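Q: Dropping the structure in here first, questions after.
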Amino acid sequence: MPTLLQLDSSADLTASRSRALTAAFAEAWRAAGPDHTVVVRDLHTQPLPHLADSEQHYAADLRRPGSAVPPQADALQRQVLDELLAADALVVGVPTYNYSMPSTLKAWVDCIHVPGVTVSFDGTLHPMAGRPAVLISTAGGTYDAGTPTEDWNHAIPPLQIILGDALGMDVSVIRCTRTLADRVPGLAPEVDRAAAEFETARQEAVAIAQRLAGVVTG
């Protein structure tokens, strides 16, 4: 049973581009067959708490003797970890908030980057290695190459490091910018380009989902 884990983090529940794109991805995944399932974790409507104790950064057998992680926090982290470990593929909606990822998504990252569970200090433990992770990056402004703001988007690089370099996942990125072109006067000339970018991103999301659904086995 091929399983997709869909993460949404946008605070906009009605007009979010990242939510629309993850939904298109998930719909294409489901359409691949009745055995293709989607598990949705909405990090905005059901936000994860910050880590209750620094020892949650480590697997239980690597924690300091005498450490006392609250049982409820430990159980929730285990649930989130098991959810990721059971996924054959991952799609993440990554809206850009103040040039970075939403804090709700960062809380998820802190919850799943755990030496002794998802990674190891010596590089021998990679349970997620090779599994696809698709990051759907949306941004209200523009970050075009060659412009003064081309390096201002800091939402995607940390996720590429954590999911790709640390966890060993096969990370790809779908980008959609200018999402505020219909609201910000200075971006008004970009409305048509914004619409075209969104449609291109939607088609790319569907195509990648269809391709992965055809090769990933549960």
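Residue numbering: from 1, along the chain as shown.
Backbone N, Cα and C atoms are what each Cβ position is placed from, and that goes for glycine too.
Feature list, courtesy of TrEMBL:
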type: BINDING; residues: S10, S16, R17, S18, T138, A139, G140, G141; note: FMN binding site
type: DOMAIN; residues: 4-176; note: domain 'Flavodoxin-like fold'
Q: Inside 8 A of the center formed by the CB atoms of S10, S16, R17, S18, T138, A139, G140, G141, which other residues of the chain have their CB, for the recorded FMN site?
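A: Same chain, not in S10, S16, R17, S18, T138, A139, G140, G141, Cβ within 8 Å: P95, T96, C176, T179, L180.
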Q: Sort out the sequence-distant neighbours of R17 (FMN binding site) for me: same chain, 6+ apart, CB within less than 8 Å of its CB, listed by position.
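A: Looking at Cβ-Cβ distances below 8 Å from R17 (FMN binding site), excluding near sequence neighbours, one finds P95, T138, C176, T179, F198, A201.
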Q: Output the one of S10, S16, T138 that, of all these binding-site residues, has the highest number of other Cβ atoms within 10 Å of its Cβ.
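A: When each Cβ's neighbours within 10 Å are tallied, T138 tops the list.
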Q: Pairwise over S10, S16, R17, S18, T138, A139, G140, G141, annotated as binding FMN, what's the top Cα to Cα distance to the nearest Å?
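A: For the residues that bind FMN, the greatest Cα distance is 16 Å.
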Q: Would you identify the secondary structure of S18 (FMN binding site) according to DSSP, in three states?
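A: Going by the DSSP assignment, S18 (FMN binding site) falls within a helical segment, counted as helix.
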Q: Across all the protein chains here, work out how many other Cβ atoms are within 10 Å of the Cβ of S18 (FMN binding site).
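A: 27, counting other Cβ atoms within 10 Å of S18 (FMN binding site).
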Q: Restricting to the chain of A139 (FMN binding site) and a gap of 6 or more, list residues whose Cβ falls under 8 Å of its Cβ, or answer none.
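A: For A139 (FMN binding site), the qualifying residues are P95, T96, N153, A155, R175, C176, T177, R178, T179.
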Q: Sort S10 (FMN binding site) into helix, strand or coil using the DSSP assignment.
A: coil
